[in-house]
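S.K.: Let me give you the structure first, and then I'll get to my questions.
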């Protein structure tokens, strides 16, 4: 280290600064705190939908609804944090106290994910309490941390402050990028309590939040702590409320009209505040259509993750977890920002096209809508490989011929299986049984080598069956067994065994012991396994222990494995694929992630910069609160659609696409009539207008109002 340039530069009467710069040392603690906090939040949220689906066994709609309810709450609570900081505690204490709440929420959430701790009701209660505290913590500190970082700079160091916000934004995306890749690995690749380790996946983000709190407190002696100075948001709400109330009290035609409805607040509030509120309301009016973009954008962690569970995730050198695909968004954001700012936007300007902020935001909406259009196409292709949807008075059936010769199968009142079923013939697909009620007793006739045998079985509606035909004691026999009605969840493989031996067997695969399978073609229950090659299993019989090779059990497939005989040191098997494996690769989600990430750069970054440029300096926090509320409302929209209008997933994607395109048209029309202004010029015009109209204004006396 060069001793002429120490790490810290301590000047008389000034706070410590980083070497050779005007950056306060305190911002290092704030940036590290933000990185850890964002790692904590996004890491926990990345696995949340699959936690609801797999751990609680909720359906997809309920899992999606609770996920977006939590996300909405995270963007409503910043208003609480801002009020606490500006009106009561100050930013520093607010961050400390709500971070403690945040940590407690994480710890409760992690404990609630331990399977051996209580029943499902206990897990749900602990998880919901934990999520509520996390939402209060992360939302409450959201408006405080970045503003607190800005407070650390001297007024004359504006360029350093602007660069700090860039570094701050980078730390957010870095934390999000790393956590959305790492926590799904902790969930899926690490096993605890015999299943996916959600306790660890939530525990690591909890540890990062503890670290964030420790780091922030460690810098306590270096911070510049400004006292609370009153909440602008509350003042704006009071001004608007008084204007509406005053106008309703003075509806007489004898009272002169005023140029703007906010002018009715002039009896109580200053002209400067009223003028600034007018500027803000112009921008907030433009915010009305924006929640629809966020309704689509935040489904990356819910609907798109659920879509990924039904896809092939094998990339050759690495098998991706379905919830890991979310890391593409922060990665693409970091790539797209310099490409757009240094390449695309200058190129468009060279083409003499006036690419205004409103047009950029509208383009972002179009890109997000296109992303959901592609998601709908992918969903349709996924569904082509799914089991048929069953309706009342209808069931599915197939035949597994485990005998040595072909068998002709005839079912009472059904026109199925025109051709004989060959021995160990792989069934192409299930056939449809039409019943005359909720259940029906049917006669099955088997013709084999000139002999005809009848069997009666009761078949229930909306069920899937396999008729097993086999030879027992020199005669033909059969069994009707129930199959899976849908693909296994989360890309798992389902497998069951039929024991064709004359003795009972015990099977062990990858340290998973299955229930003993009885002799003479008895069938085991289905067991769920991670996608993998299973060639080191064990089959234990009365004759000894034998190797069991099953080969690849693929994503989303269901298998029936028949143990035929024992030869040498191994068990011979025959494998039938009941439900075909996921054949749409997860890489097909890449185009939709590219489009929605590009849309985010155009919509979100441009929207924030534009709205800030259109408001006075004193109202920046009000606009930030309004912007965050659009995210909350967007998540609420998804919650409503998921619960109130359940539909096929591809149709839901199309619905959101159409809604966003319609909202984009409305927003474009609103933007066309919007006149961009400089807040300073508008303030001057407002003062002149107020001066010229003062003579026409008459004093109004209202109850409980000071003039």
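Even glycines carry a Cβ here, placed using N, Cα and C.
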S.K.: Which range is it, out of 166-186, 229-249, 250-270, that shows up in TrEMBL as transmembrane segment?
M.R.: 166-186
S.K.: Ranges 64-83, 304-323, 384-403: which does TrEMBL label transmembrane segment?
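M.R.: The range carrying the transmembrane segment annotation in TrEMBL is 64-83.
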S.K.: Can you check which of 16-41, 198-223 TrEMBL lists as transmembrane segment?
M.R.: 198-223
S.K.: Could you check whether the transmembrane segment (198-223) and the transmembrane segment (327-348) come into contact, where contact means at least 3 Cβ pairs under 8 Å with the two residues of each pair 6 or more apart in sequence?
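M.R.: No, since the transmembrane segment (198-223) and the transmembrane segment (327-348) share fewer than 3 Cβ pairs closer than 8 Å, they do not count as touching.
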S.K.: Quick test of the contact rule: Cβ under 8 Å, at least six residues beyond the ends. What residues does that give for the transmembrane segment (653-675)?
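M.R.: That would be 282, 285-286, 288-290, 292-293, 295-296, 299, 303, 356, 358-359, 361-362, 365-366, 368-370, 372-373, 375-376, 379, 641, 647.
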S.K.: So are the transmembrane segment (327-348) and the transmembrane segment (64-83) touching or not, going by 3+ C-beta pairs under 8 A with a sequence gap of 6 or more?
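M.R.: Since fewer than 3 Cβ pairs under 8 Å link them, the transmembrane segment (327-348) and the transmembrane segment (64-83) do not come into contact.
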S.K.: Report, as numbers and ranges, every residue of the chain located at least six residues beyond the transmembrane segment (121-145) whose Cβ falls under 8 Å of a Cβ in that stretch; write 'none' if there are none.
M.R.: 30, 33-34, 37, 41, 44, 51, 55-56, 70, 73-78, 80-82, 84-85, 91, 94-95, 98-99, 101-113, 115, 621, 624-625, 628
S.K.: Tell me whether the transmembrane segment (279-297) sits in contact with the transmembrane segment (625-647), defined here as at least 3 Cβ pairs under 8 Å among residues 6 or more apart in sequence.
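M.R.: These two stretches do touch.
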S.K.: Output the single range from 64-83, 95-115, 625-647 maximising the number of Cβ pairs under 8 Å to the transmembrane segment (593-613).
M.R.: 625-647
S.K.: Hey, which bits of the same chain come close to the transmembrane segment (64-83), Cβ under 8 Å, at least six residues off its ends?
M.R.: 41, 45, 48-49, 52, 58, 94, 98, 131-132, 134-136, 138-144, 231, 233-234, 298-299, 301-303, 306, 621, 624-625, 628-629, 631-633, 635-636, 638-639, 642-643
